[in-house]
Amino acid sequence: METRSGGSGSASGGGGGGRMRLRKTESAEMRWVVSGGAYEEDEIESSDGGGGTPAAASGSRGGCSDSDDNYEEAEMLRQRLVRTGPRADSLDVEAQDVAGMNRHQEITVGRSIVLAVQTLGVVFGDVGTSPLYAFDVMFNKYPITSKEDVLGALSLVIYTLILIPLLKYTLIALWGNDDGEGGTFALYSLICRNARVSLLPNQLRSDTRISSFQLQVPSVELERSLKIKERLETSSMLKKLLLMLVLFGTSMVIADGVVTPAMSVMSAVNGLKVGISSVNEGEVVMITVAVLIVLFTLQRFGSSKVALAVGPALFIWFCCLAGIGIYNMKTYGSAVLQAFNPMYIYYYFERNPTQAWMSLGGCLLCATGSEAMFADLCYFSVKSVQLTFVFLVLPCLLLGYLGQAAFLMENLTENQQVFFLSIPNQAFWPVVFIAILAAIIASRTMTTAIFSTIKQATALGCFPRLKIIHTSRSFMGQIYIPMMNWFLLVSCLAFVTMFGSINEIGNAYGIAELGVMMMTTVLVTIIMLLIWQINIIVVLCFLTLSLGLELIFFSSVLGSVADGSWVLLVFAAVLYLIMYIWNYGTKLKYETEVKQKLSMDLLMELGCNLGTVRVPGIGLLYNELARGVPGIFGQFLATMPAIHSMIIFVCIKWVPVPVVPQNERFLFRRVCPKSYHMFRCIARYGYKDIRKEDYISFQQLLIESLEKFMRREAQERSLESDQYDGTDSEEEVASASSRALVGPNGSINSLGVPPAEAAGTTEHPTIGSSMSFDGSLDEAIDGRGSLDDELSFIHKAKESGVVYLLGHGDIRARKESFFVKKLVINYFYAFLRRNCRRGIAALSIPPSRMMQVAMQYMV
C-alpha cells in the first residue's frame, strides 16, 4: 500500500487513471478525485509504505498474506464514496464548520497588552539577566590591559547579540514553530509531519487529514524538497541520526535548565558582596540555595498566575539596564560607541589572540536565553515576540553593556562584579533587589521551557511518561511536571554546592547553550530545505554563518571541560541514554506487538461469538497498535469465560501536531463483519492537547463518535445503493459514480448531474439534504432498519456497563541476544517502564471497571 505524509510533501496520484490534486488552505483540504484514484480513503495503512500506487495496492489484495488487511481493504474499496470540497472532518461528514485552532482567534487590544506584559515575564527573563555575569566571565582568566581590550570585548558582545538572538532566533528560528510551539522537539515534530522519519511505525494516513495539517500543490519548486523527503524516509540511518541529534539537543536543554537557575541567582546574590563587604562566598552559596528552594516551590502556580506579576518587574529591570547604561556613558564618556565598528574584534584578536579566544566562552553568555526564548514561545505570537525583542529587549541590553564597558574603560582593574560596581550609589539597593527578582524570573523561564520540551518528547515517544498538571484554564501550553521540577531542584542545588562560583558555572553554562544552539541550527536548516523551500544559497549562508560561529564558540568552551564542565556533560549523557533507551524499548515493543497480532482468518474461524460466550456490555481494550487486532486480545479470550457483546480496540495515539480538534479526536473502523460488533478506535491527541476528561466523559465522547461513524457509514451505503441501482444505463452509472460532493453541511450531491438550482430544471433531482431516491425503496428501508438496530444494540450494551480491558505487555530480550541488549531491555528499560506513569492513569478508572491480563513478548 502507498503511504503519504502531510505537510508540504508530495501528492501521489496513481492507479486507474485517477489523479489527485491538492492545494494549500488554512485548515482544510480541497480534493478533486476521479473514482479510479479514490483509494486514499483507506485509513489504516501499511507501516512500511510498500507498493507505490493505488493500483498496485488494489492488485495485491488478492494475494496479501495478512487477511486482516485484506478484509479492511475490501471494506474500504466497497465504500466507493468519493469526496470533493472542503474536508471538514476526517470522520464525520455532518460537520458544519472546519475545526479551527484556538490561536487563530482574533485578539483584542486589551488582550494584546496583557500578552505583551506576560511575554516579558515568560520569554525574555533568561536573556535579560545576562549582563549580570557576561563581562565577569569574559575577563575572569586574563586581566584587562588596555581600553582597546574593552572595546574589542564589547564589539564581540554587540555582534553576538545581533547574530544569535536577533538574526538566528528572532528573525529566523521563531518562524520554525509548530503552530505556536517552539523548541527542539517542535522542530522535530514539524519534520515528522512533513516526512515519515519517526522510528515508531504507527502513522496513519488519516493523521494527515487532521485540520492542523496543511498541504501544498506539487510543482517544480518542490522537486528539491521531495528529493530530501524521499531520502529521509528511505534511509534508516538518517532517521536514527536525526533522532540522536534531537535527543542530544533535548538533553542539553535539560542540562541548561539546571545551570541557568544556579548561574542567574548566584550572580544576582553576588551583588550583596559589593554592598556588604562582610558577606563571603559561603554565605552567597547558602542564600542562593534558599532562593532556589523558594523558586522551585513556587513553580507549581504556573506561568499565567505569575507572569502578570513578574512581567512589570522585568519591564522595570530592562529600564534599569538602559538607565544605568545611559548614566555610565554620560559619566565616563561615550567612546564605547566605537565598538559598533567590527574592526575592533580584529584588533582584539591581533593583540591578544589567546586572551580573546578564551573570552569567547564568556561572550557567548550574553546570548544565553535565546533557546529558552524559542522554546517558551507557547501561546505568544511570533510577531509579538519579535517586536518586543527588537524594540525593547535588544536596545536595553545594548545600553546595559555599553554602560558597563564605559565603566571598565575608566576602571580597568575592576573586572569582577562589573554590573554592581557600575550602579550609581543612590540606586544600588533597589537595583540589587530587582536583579535578584529578575534572576528568579529568568530561572522560571528556563524551567518552563523544560516542562514544554518534556511534554513534547513524551508525546513523541522519546521520554518516560510523567504526571503533567495544567496550570491554566485559558492556555493549554502552560504546564507543571512535579517530578521534573524536584529533579531540577536537586540537580541545581548539587551544581551550586559543587562549583560555588559563577565563573566555574559559567563555563558549564556555555557548553549547555552551545549544544542546544547547534542542534537548532541543523533542524532549522532541514526545515528550510524540506518545508520552507528557500533558495539553496540562502540556506547555505544561514548554515555556514550560524554553525561556523557556534563551532568557534564551542572551541573556546571546550578548554574549560577539565575545570569542571565535564560534570555537565556526564549529566547530559545520562539524560540522553534515558531518552534513547525509552525510545528504543518502545519501538521494539510496538514492532513485536505488530508481529504477534491476531489474524483475521482466526477470528473468522471462531465465528461472531469468538469461540466463547458474548455477554451484554461494552469492552474497551486498550492497546498501542494503530492497526490490526492485538495479540493480548487472544489472552482475554483464553482466560475469560465470556467476552462482551461489543468490543472496541482503543489506541491512544499522539500525532505530530500541536492540537487535534475535539470533533476529529476519534477515528473508527470495523474490524470484522457487522455481526461481530467489533471496532477499532484511535483516539488522537496532539502534543499540546490536554487529556483532562475523566473516564465517564471519555467513554461518552467515544460512544457518540461511534454512533456518528455508523450514521456516516449508513449514509455512504445509501448513496451507493442509489448510484448503482437507480440508474438506467452503464453510462449513467459511470457519470453518477465518478464524482460526488460532500458539502460542508454534510449534504451529498452528485457531480455527474448538476443541482436543480444551477441547471434551471428539475429533470435530474439533486441528492441533498432533502434527497429523493430513485433506487429501491426496500433497500433504503432495510439500510435504515439496520442502522436503527445497531444504534439500539449500542445503547443496550452501554446500559449493561462499560469495562476497561487492560493488557500489560512486557518485553524481555531473548536468551541468544547480545549482553548489551539484555542489559538495556531487561534492566534499564524495564526499570523505566515500572516507574513511569501509566497512560491509563490519566482517565482515573475505578478498579471495579478494570480487567487486566499480562503478556510477555520476547524480542
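Note that Cβ sites are derived from N, Cα and C of the backbone, with glycine treated the same way.
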Per Swiss-Prot, GLN416 shares membrane side with GLU720: no
113-133, 449-469, 638-658, 827-847 - the one Swiss-Prot records as transmembrane segment: 113-133
Counts by DSSP class (helix H/G/I, strand E/B, coil) across the topological domain 'Cytoplasmic' (439-478): 21 helix, 2 strand, 17 coil
Long-range environment of the topological domain 'Cytoplasmic' (439-478) - Cβ separation under 8 angstroms, sequence gap at least 6: 102, 121-126, 128-129, 132, 180-181, 183-186, 188-189, 192, 198, 200, 243, 246-247, 250, 253-254, 256-257, 260-261, 264-265, 267-269, 291-292, 295-296, 299-306, 310, 313-314, 369, 371-372, 375-376, 378-379, 484-485, 488, 578-579, 582-583, 586-587, 654, 656, 659, 685-690, 692, 832-833, 835-839, 841
Predicted model, mean pLDDT over the topological domain 'Cytoplasmic' (1-112): 38
Folded-back contacts onto the topological domain 'Extracellular' (410-417), same chain, C-beta under 8 angstroms, at least six residues removed: 135-136, 139-140, 143-147, 150, 270-271, 273-274, 332-333
Within-chain partners of the topological domain 'Extracellular' (262-275) [C-beta distance under 8 Å, separation at least 6 from its ends]: 126, 129, 132-133, 136, 284-285, 287-288, 291-292, 295, 368, 417, 419-421, 428-429, 432, 435-436, 438-440, 442-443, 492, 495-496, 499, 502, 505-506, 509
Neighbourhood of ASN411 (N-linked glycosylation site) by C-beta distance under 8 A, where only residues 6 or more apart in the same chain count: LEU421
DSSP-derived structure type at ASN411 (N-linked glycosylation site), helix or strand or else coil: coil
Sequence-remote partners of the topological domain 'Extracellular' (327-359) [C-beta within less than 8 Å, at least six residues beyond its ends]: 138-139, 141-142, 145-156, 158-159, 402-407, 409-410, 422, 424, 555-556, 559
